[in-house]
């Protein structure tokens, strides 16, 4: 029950403040909207709202691996950690006019201690298509997310993280690296994303 409430609170806390109203009445309102979107926060909220309101793609997320960086952990720690994160997630996404990927997603998986960890947020990747055609792509970007962990009493925690991906047609392998200190953080986390 606590994890359900925490997951809902995390999702709402991240998504709703970034969903501006885009009702336009007359020319004056158009200019105000354009002025609001000129800074990085304006672009961010515009992209979140656009993704929320106009995403034709639905996506299934399947966690694949969590790998604790062996250079930053004692062996007795890594021997006890779960590195097979069972779970699933769902997202909506779109490609903008530049071909870049935007998504709003929620996912839950088994963390390092084999406890459920929810995460949700907005994600963006700049997309490169090194081979002619639309099938093969590489991505690099970020996620502005919120997570909650059992060992932190499921208190919502902001988690801005880097993203990288390689995709072919509807299937994408996407990953992040969670930075940290010795015996804490420094985790490579990856998942498969299937667009349907």
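Start at 1 and count along the chain as shown; that gives each residue its number.
Cβ from N, Cα, C; glycine included.
On its own chain, residue 68 (active site) has 77, 78, 81, 83, 112, 186, 187 as residues at least 6 apart in sequence with a Cβ closer than 8 Å to its own Cβ. Annotation source TrEMBL lists active site at 68 (among others).
According to DSSP, residue 111 (active site) is assigned to coil rather than to any helix or strand. According to TrEMBL, the feature active site maps to 111 (among others).
According to TrEMBL, the active site annotation covers 112 (among others).
Residues or ranges marked as signal peptide by TrEMBL: 1-23.
Cβ contacts within 10 Å of residue 77 (site 'Role in lipopolysaccharide recognition'), excluding its own Cβ and spanning all protein chains shown: 14. TrEMBL lists 77 with the feature site 'Role in lipopolysaccharide recognition'.
What TrEMBL lists as site 'Role in the phospholipid gating' is 182. DSSP gives residue 182 (site 'Role in the phospholipid gating') a coil state; it is part of no helix or strand. Taking the Cβ of residue 182 (site 'Role in the phospholipid gating') as centre and 10 Å as the limit, one finds 11 other Cβ atoms among all the protein chains shown.
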*Counting every protein chain present, what is the number of Cβ atoms, excluding its own, within 10 Å of the Cβ of residue 112 (active site)?*
19
*How many other Cβ atoms are found within 10 Å of the Cβ atom of residue 111 (active site), counting all protein chains shown?*
21
